[in-house]
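Student: Under the heading signal peptide, TrEMBL lists 1-22. Taken from TrEMBL, the feature domain 'Multidrug resistance protein MdtA-like barrel-sandwich hybrid' covers 67-134. Summarising the annotation, TrEMBL assigns domain 'CusB-like beta-barrel' to 152-221. Taken from TrEMBL, the feature domain 'YknX-like C-terminal permuted SH3-like' covers 228-302.
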Amino acid sequence: MKRRYVMIALAGITLLASCGQAEKNKAQTTKAAEVQTPVFAVNTTRAVKGQIRDYLALSGDIVSGTTVDAYSDVAGKVTKLYVSVGQRIQKDEPLAEVDPSRPGMTFNPGVVKAPISGTVVALPAQLGMTISQAVPVARLAGAGSLEARTYVAERFISKMRVGQPVELTLDAYPGRTFYGRVRELSPTVDPVSRTMEVRITVQNEDSALKAGMFAKVKIITEEKSGIVKIPAAAIVRRYGEQYVFTVESDPQDPAFTIAKKRVVTPGILIDDQVEIREGLEAGAEVVLRGQSLLEDGVRVRVVDTTAPLKTGY
């Protein structure tokens, strides 16, 4: 009987020792797993709801919307020039005199007058030159009728519409923006350059713009409001997919955060920002840097944040 009690006691001690060792092994395994689970450092930003616009950045020239050539009524030698290139004149002011006299025949000189008010932009006839009635004496640009002209590559023609807003900047006026609208689209494409001419009306109330100036032209082809947008650098393109990673609480352990893969549908991409049509909501915390090593569900640690994009353009 006594021996039986001793055996039972030994069995109990053995069981307790086994349980203790099992708990110890479990704790060690859990600790080892925590040590082996990688945590990736990332930089994040927030998706915002705002505005975005697409545009074409081009170069162009300021030209006169109305250009008229002045001709002499008689053939002869140009004996006087009353104007110079760049000079502003009024309608019917004299431009030049042409003497039709020939050896043995004397005639009164013919006066060439300005057919319109404007600016002299060219003088094909020079002093002392003999001209015919088919040669223009001067070329005039109509006053107050300046426009911008630019050329759009064939692949962008589908984006163009009459009436689209335009912004122009010029080196002559740093920090100033001039505004206009697309007035006319050429019905043909140049077969050599594969471009289409675009004419733009320009606001020039203070006459700051001059014919012949070079301009940087921004044609606004599309504008959207109330869309979700993020920095374009946040998008990962891999194996035919486009997606971002958002930072969310780990459902298994709320003390940690994980990277959640979100497949998205991008829209307008311009100026390093992109519209997200589907797959992401405003306010989501998006990984901006460090996403190249991430997989869905891995643990992450936010080490830095970048200010969200501006909600406006």
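For all residues, glycine too, the Cβ spot is worked out from N, Cα and C.
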Student: Per DSSP, what is the residue count of the domain 'Multidrug resistance protein MdtA-like barrel-sandwich hybrid' (67-134) in each of helix, strand and coil?
Tutor: 0 helix, 32 strand, 36 coil
Student: If you run through the domain 'YknX-like C-terminal permuted SH3-like' (228-302) with DSSP, how many residues end up as helix, strand and coil?
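Tutor: Counting residues per DSSP class in the domain 'YknX-like C-terminal permuted SH3-like' (228-302), I get 6 helix, 44 strand, 25 coil.
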Student: Can you check how the pLDDT averages out over the domain 'Multidrug resistance protein MdtA-like barrel-sandwich hybrid' (67-134)?
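Tutor: Its mean pLDDT is 89.
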Student: Determine how many residues of the domain 'CusB-like beta-barrel' (152-221) DSSP places in helix, in strand and in coil.
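Tutor: The breakdown for the domain 'CusB-like beta-barrel' (152-221) reads 6 helix, 31 strand, 33 coil.
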